[in-house]
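Colleague: I have a structure I would like to understand better, so I am pasting it below and will then ask my questions one at a time.
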Amino acid sequence: MAEAHPVGFQWVVEAKKRGAEIIHVDPRFTRTSALAHTYVPVRAGADIVFLGGVINYILSNELDFREYVLAYTNASMLVSEDFQDTEDLDGLFSGYDPEKNVYDQTTWQYQGQQHTAQDAGDAAEDRETASGLEQESHGPPIPADVPRDPTLRDPRCVYQVLKRHYARYTPEVVEQVCGVPPEKFLKVCEAWTRNSGRERTTALVYSVGWTQHSVGVQYIRTGAIIQLLLGNMGRPGGGVMALRGHASIQGSTDIPTLFNLLPGYLPMPVAGTHDSFRQWVDSIRHPDQKGFWANAESYAVSLLKAYFGDAATAENDWGFDWLPKLTGDHGTYQQVLDMIDGKIKGYFLLGQNPAVGSAHGKAQRLGMANLDWLVVRDLFMIESAEFWKNGPEVATGELVPEECRTEVFVVPAASHVEKEGTFTQTQRMLQWREKAVEPPGDCRSELWFFYHLGRMVKERLASSQDPRDRGLQALTWDYPLYGERHDEPSGEDVLKEINGYDVATGAPVPGFTALKADGSTACGCWIYAGVYKDGVNQAARRKPGAEQDWVAREWGWVWPADRRTLYNRASADPDGRPWSERKKYVWWDPDAGEAGEWTGYDVPDFEKTKPPSYRPPEGATGVAAISGDDAFIMQGDGKGWLYAPSGLIDGPLPTHYESVESPVRNPLYRQQANPTRKLYDRTDNLVNPSPPEEHAEVFPFIFSTSRLTEHHTAGGMSRQLAYLSELQPAMFVEVSPELAALRGLDHLGWATIVTARSAIEARVLVTDRLTPLRIDGRTVHQVWLPYHFGFSGLVTGDAANDLIGITLDPNVLIQESKVGTCDMRPGRRPEGPELLPFLAGYRRRAGLDPGHHTPMLTPPED
Amino acid sequence: MPSNSLYGPLDPAPDAGYTDAPPRMGFFTDTSVCIGCKACEVACKEWNGVPDDGFNLLGMSYDNTGGLTANSWRHVAFIEQPRASSGAGTDTPGAFAGTPAGPSASAHSAVVAASAGQDTGTDPGVPPAVDALAAAGTVAPPGPQFLGMPGHDLPGRIPDAPRTDFRWLMMSNVCKHCTHAGCLDVCPTGALFRTEFGTVVVQEDICNGCGYCIPACPYGVIDQRQGDGRAWKCTMCYDRIGDGLTPACAKACPTESIQYGELSELRERAATRVAALHEQGVGEARLYGHDENDGVGGDGAFFLLLDEPEVYGLPPDPVVPTKNLPAMWRRAGLAALTMAAAVVVAAAGRRR
Amino acid sequence: MGVRTWIEGWPVYRQLTGTDPLGRGAAAQSPRSKALTARTGTADSVARSVCPYCAVGCGQRVYVSDGQVTQIEGDPDSPISRGRLCPKGSASKSLVTSDRRVTEVLYRRPYGTDWERLDLDTAMDMIADRVLAARDAGWDPRHNRTLGISSLGGATLDNEENYLIKKLFTAMGAIQIENQARI
């Protein structure tokens, strides 16, 4: 956190001064570790064992916050008798389909709910469209009569299932798998549990060190289980905090530039599943479902009204048929492989530098070299614009400029001070930026670029009779223009459309509860409804923090409905009283309003006048079905899920799988790696062998990559600036003194790092901050690389992402780039064409011949 | 003019002729909360338009600035130590306990780093890898012994034992704005002057690049910029503080490691912080440069350190070189008089 | 400037007649030093902004004089950042004022070996033509979509920009729209 989010870290430092205990778990000692009370070195890729060990500690010692767990989680619900655990099936849950490599989830359901489950075909489609997680919030309805055991003693209740599942995750196993000594591990367990409960809360902070794994979603779920067991969710000082890495990466998920989503987490329609408007909407809202997704039809209709205006009518299903339909995986990595295969003609890069910043740099560059055209929108000349000129493949001869047909347009972009608009930061807060100056020369905002591109495309198709152009023709695009050149749309006008408005009067809607399914409202992103409440740009609110209380509600605007902490109903007990005076946040005031109201420091994440005692009548659905103590109002059953009966491709409970490339045999199960991971089994995307496969010893070391404080992602905004470049001027690799001795690496000398994909060179930093670990009885070495460097800029170096292959988490299609295996050699890598035979030699020794396939399912060992 | 104007406790602004001087302003840098982000270095350069220092990988942990130069007025030192303090408040005891870690490499790395040359575009630039040598001084090297390094076996540091404890010290260094500033005292042109805030500033419109100030600084801070010739260093953002603003480095500092304010108030705050750390068991916490009775009359920019000053590349007992100036002047005057007398005697003798 | 003022402005005169006989303070202060003020105080305008690097969302104040950004520093009013910035945020002025920024359209023709200049209008026309051609080439009538167009980016763009991007591409039938959040 101190490394990549230094200003956010001020709150950790302040908490520390006030007595908070800080623990940092990381494969290497970082600037965050330097200020922690306890630093725990851990093997990259073993987090579920570490966290599972904490769960085991909590459950075996009954240290969970029992009242909270009983009221707000699904601990008491009974799971199907047919469910079998990885502990029973050596690393697989019941329902595994070895053909499709996914699960039929029938047996994972609560008792009596099996009919609602996803079969293996559904699950396979969910994996391809990264929509598994939609099932968690849009998930099947949970009727009031799910069998429960409030004593938590029934062997089929979630609590007991959880307890059995993690029983083997003992301190000794944590030591064996993670390399963490038991005393140290127990110290963490004690601190975590001691600082949780009624009077105290613990915050869990993670970043892409968790997401970029083939089991990444399950890492985060393991953390969430702990936080639910300890009663840390929805409470001040608690939570699971995702530190996101880009100014508006949260916004780009909310208003997605993502293939599988429409604004507000509405799914892109999938052919065969969402062939009609009704099918699409019902799959989101589930007519019998509890919670706020039940109103999904209002959100969906309002979005289509915002897109297509008057042309969207009830008769034409609001223009639903104009939406394109998905058929499978269209994620960024699939796209790159499709580029290599010549299936994609044109590519826009909008402030993104995949030649350096995406996994498998070589695939990225070769993909771009096989396009008709590429448009790069950036502030500086980045590697992704120059791959045809200076890229590593030009040096090896794999790419010859005179033979590369890709037409490249670099259309310079406006900077953040040269345009107005909102960023959504990591805590879902929208903050408005004022425009300070005009952009120089040809630099233009994305608002300008896409407005005019849309205008020109619409003009060219204005008289088309082709039905496929109907949607474009109907698209509302009449944005007023402003500015010195009278050609710039206003960000505020677009924000008003995002907020939503009454179609008849144009008046902004006050919030998403005002949206209608009858076409009388339009709204570009339902979760942002309210950001322009009362005709005021709420994101531009800037009442000084010093003049407000600690929640500072008059600064910016947080979705949904300006709630600063999600699920904050859980900060009060089931009866609506604060769990403790010290930790009071939102509570029920029986004397407020007509018959009591929720009140507190934050906007209550609950219906304002629904009393804690409310119980839904028989047959209630939607919002009315949310009970007065259902704190998790977006969940199909109103509960925090310790066990996920649906929603996850790879299992209802997090289970330790080794990373796709690991020098270690999975000590817990026969199954080595995630059996549902997304694999692209191609000769240009080789995977280093891992046990029990032969030749794993060719790549004996673990490497991980991440950021330095002094640089930003692929370097486009930092390696171009002298004041940042001088602070970290060269690509380097951090190695422990032990590995340096083992491989003859000299401090400040060169090292070559090799994987099946590529070899890169880096200067060596021998540092005590890295340590070998003892894993399963042997010494395992880890090295670390920053991923900021590339071949353009004031300071240059080989790109760490060239080392990484493409294997993805099955739930969200994010690549495993936080852990891989490699070899290390002293000295510089071979240059030019010499690099290719060098790599071929490694592949041969590793057994990665043509015809080699990485096994998905680990075969039984003799 | 007070007799101790060149040594000992003093409020420097009134001494330098400011009749209604505002309170003396200063920096208190609390290294116990420094996260080594280097925001101070960048914020300083952005505000003051200081050139970059060249793109050199120094291998001195995460320090690629090397030291304070004409082109780096803030410098964050990084010291990797295979040790822990007695308390748990500022480091991570047992960081590597239970791992198959061997002895520390930090001393060896530091020696390698020290021999890595660099061109900072300044003169003399970074004193020869002062921080690296300091780091080397904190532990014995694992391999062949290197000679000539001071204090490689400081008490309490065990060479060759597997490392278990570890800490990573970081400190943002800066011009000390001494009460008795050698640079100022030797400046023949009046380019260096004492401001009404008690700070010491080089006036770029006056400096003629004579370089006298450079050996006069007991901390090795002031430095000449190549191709320009003039001396440059921290001004404590004289233009900003005159408008009541906080200097750029302190303004940016994410964790309030760099604090700016009235020196008297900062000294109180620092004393409170040291006491708090001592209470948490961090016995090593100590102040540096706060003492008005030290060799420079106390610093306008002082520090809370977690180890000996040498470890951070700071001189343990800095003394302003002009301390003995009055005595030297007296002796020089006496010598001159003697010479003159001799000449007179000689001349008189010839007449005779 | 009269002779008298000129003489009184002479440091030695000030030194000999003033309160600073050693000439180390008030007497040595140059007219330039005396006149120094913070350039933020004389800015023509100040824009309230947000740092463009990580997702913490630190407040920035952007100071502008004569149409140029002269300083970017932390906004002390922000309850998120309280006026502080990291090294990247502190380098924001360099980011926006750098002379390394690309400020004109550059074009590399197929099989070309170097960049060429292109004016913005021409480039936009060419891009619009190519977008329609790629849409056509990759059209999949069964699913009302095109597989001819890809896009990657958006995590440092404004919500309003992402909104228009997704809206336009979706209406166009382009589905292969992704950003850093997948990475």
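Just so it is clear, glycine is given a Cβ too, placed from its N, Cα and C backbone atoms.
Automatic prediction, not curation, is the source of TrEMBL annotations.
Keep in mind that what you see is a predicted model, and the values were worked out from it rather than measured.
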Colleague: Which of these, B:Cys37, B:Cys44, B:Cys178, does TrEMBL list as part of the [4Fe-4S] cluster 2 site with B:Cys234, B:Cys237, B:Cys249?
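Modeller: When TrEMBL describes the [4Fe-4S] cluster 2 site, the candidate it includes is B:Cys44.
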Colleague: Of B:Cys210, B:Cys217, B:Cys253, which does TrEMBL put in the [4Fe-4S] cluster 3 site with B:Cys175, B:Cys178, B:Cys183?
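Modeller: As annotated by TrEMBL, B:Cys175, B:Cys178, B:Cys183 share the [4Fe-4S] cluster 3 site with B:Cys217, chosen from B:Cys210, B:Cys217, B:Cys253.
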Colleague: Which chain-mates of B:Cys187 ([4Fe-4S] cluster 4 binding site) that are at least 6 residues away have a CB under 8 A from its CB, listed by sequence?
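Modeller: Correct list: B:Tyr212, B:Cys213.
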Colleague: CB neighbours of B:Cys178 ([4Fe-4S] cluster 3 binding site) within 10 A?
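Modeller: I count 29 other Cβ atoms within 10 Å of it.
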Colleague: Of the binding-site residues B:Cys44, B:Cys210, B:Cys237, B:Cys249, which sits closest to B:Cys217 ([4Fe-4S] cluster 3 binding site) by Cα distance?
Modeller: B:Cys210
Colleague: Could you state the whole-number distance in Å separating the C-alpha atoms of B:Cys237 ([4Fe-4S] cluster 2 binding site) and B:Cys178 ([4Fe-4S] cluster 3 binding site)?
Modeller: 16
Colleague: By a simple count, how many Cβ atoms lie within 10 Å of the Cβ of B:Cys175 ([4Fe-4S] cluster 3 binding site), its own Cβ left out?
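Modeller: Result for B:Cys175 ([4Fe-4S] cluster 3 binding site): 26 neighbouring Cβ atoms inside 10 Å.
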Colleague: Just to confirm my parser: what is the rounded mean pLDDT across the domain '4Fe-4S ferredoxin-type' (B:166-197)?
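Modeller: The average pLDDT of the model in the domain '4Fe-4S ferredoxin-type' (B:166-197) works out to 96.
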Colleague: Roughly how many angstrom lie between the C-alpha atoms of B:Cys183 ([4Fe-4S] cluster 3 binding site) and B:Cys44 ([4Fe-4S] cluster 2 binding site)?
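Modeller: Cα-Cα distance, B:Cys183 ([4Fe-4S] cluster 3 binding site) to B:Cys44 ([4Fe-4S] cluster 2 binding site): 21 Å.
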Colleague: Using a Cβ cut-off under 8 Å and a sequence separation of 6 or more, which residues in the same chain sit near B:Cys234 ([4Fe-4S] cluster 2 binding site)?
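Modeller: Residues satisfying the criterion: B:Cys44, B:Leu68, B:Trp73, B:Arg74, B:Val174, B:Cys175, B:His177, B:Val221, B:Ala301.
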Colleague: Tell me, by DSSP, whether B:Cys249 ([4Fe-4S] cluster 2 binding site) is helix, strand or coil?
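Modeller: B:Cys249 ([4Fe-4S] cluster 2 binding site) sits in a helix per DSSP.
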Colleague: Count the other Cβ atoms sitting within 10 Å of the Cβ of B:Cys217 ([4Fe-4S] cluster 3 binding site), across every protein chain shown.
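Modeller: The Cβ of B:Cys217 ([4Fe-4S] cluster 3 binding site) has 26 Cβ neighbours within 10 Å.
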Colleague: For the recorded [4Fe-4S] cluster 2 site, enumerate neighbouring residues of the same chain (Cβ within 8 Å of the Cβ centroid of B:Cys44, B:Cys234, B:Cys237, B:Cys249, site residues themselves excluded), in sequence order.
Modeller: B:Cys40, B:Ala43, B:Trp47, B:Asn48, B:Trp73, B:Arg74, B:Val174, B:Thr235, B:Met236, B:Pro247, B:Ala248, B:Ala250
Colleague: Take the C-alpha atoms of B:Cys210 ([4Fe-4S] cluster 4 binding site) and B:Cys249 ([4Fe-4S] cluster 2 binding site) and report the distance between them in angstrom, rounded.
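Modeller: So the Cα of B:Cys249 ([4Fe-4S] cluster 2 binding site) lies 29 Å away from that of B:Cys210 ([4Fe-4S] cluster 4 binding site).
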Colleague: Check each residue in the chain of B:Cys249 ([4Fe-4S] cluster 2 binding site) that is at least six apart in sequence and keep those whose C-beta is under 8 Å from its C-beta; list them in sequence order.
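Modeller: When sequence neighbours closer than 6 are ignored, B:Cys249 ([4Fe-4S] cluster 2 binding site) has B:Phe27, B:Ala39, B:Cys40, B:Glu41, B:Ala43, B:Cys44, B:Arg74, B:Ser172, B:Val174, B:Cys237, B:Ile258 within Cβ distance under 8 Å.
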Colleague: Which chain neighbours of the [4Fe-4S] cluster 4 site, leaving out B:Cys187, B:Cys207, B:Cys210, B:Cys213, have a Cβ atom within 8 Å of the mean position of the site's Cβ atoms?
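Modeller: For the [4Fe-4S] cluster 4 site, the extra neighbours are B:Cys183, B:Val186, B:Pro188, B:Thr189, B:Ala191, B:Leu192, B:Val202, B:Asn208, B:Gly209, B:Gly211, B:Tyr212, B:Ala231.
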